[in-house]
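As annotated by Swiss-Prot, divalent metal cation 1 binding site applies to Cys6, Cys8, Cys22, Cys25. Taken from Swiss-Prot, the feature divalent metal cation 2 binding site covers Cys8, Cys14, Cys16, Cys27, and the record attributes it to similarity to another entry. If you look up Swiss-Prot, you'll see Cys16, Cys20, Cys25, Cys30 marked as divalent metal cation 3 binding site. Summarising the annotation, Swiss-Prot assigns divalent metal cation 4 binding site to Cys34, Cys35, Cys45, Cys49. What Swiss-Prot lists as divalent metal cation 5 binding site is Cys35, Cys37, Cys38, Cys51. According to Swiss-Prot, the divalent metal cation 6 binding site annotation covers Cys38, Cys42, Cys45, Cys61. As annotated by Swiss-Prot, divalent metal cation 7 binding site applies to Cys51, Cys58, Cys60, Cys61, with the evidence given as similarity to another entry.
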Amino acid sequence: MDPGECTCMSGGICICGDNCKCTTCSCKTCRKSCCPCCPPGCAKCARGCICKGGSDKCSCCP
């Protein structure tokens, strides 16, 4: 499967795993993978967030 595509658009469990790069993915398990700069413990990370500061800080997390 192309890592840019995701078959899970309605939430729930997903087969994309850590390779999910899709911005329209609704899978709970893909949320962090779609924002690589988000710290592992951040619960506020959202899909489509912006990485700033050299991709080491997420716009959704403090």
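For all residues, glycine too, the Cβ spot is worked out from N, Cα and C.
In the three-state DSSP scheme, Cys49 (divalent metal cation 4 binding site) falls into the coil class. Looking only at other Cβ atoms within 10 Å, the busiest spot among the binding-site residues Cys58, Cys61 turns out to be Cys58.
When other Cβ atoms within 10 Å of the Cβ of Cys38 (divalent metal cation 5 binding site) are tallied across all protein chains shown, the result is 22.
With the fewest other Cβ atoms inside 10 Å of its Cβ, the least crowded of the binding-site residues Cys37, Cys49, Cys51, Cys60 in this structure is Cys51. In the three-state DSSP scheme, Cys58 (divalent metal cation 7 binding site) is classed as strand.
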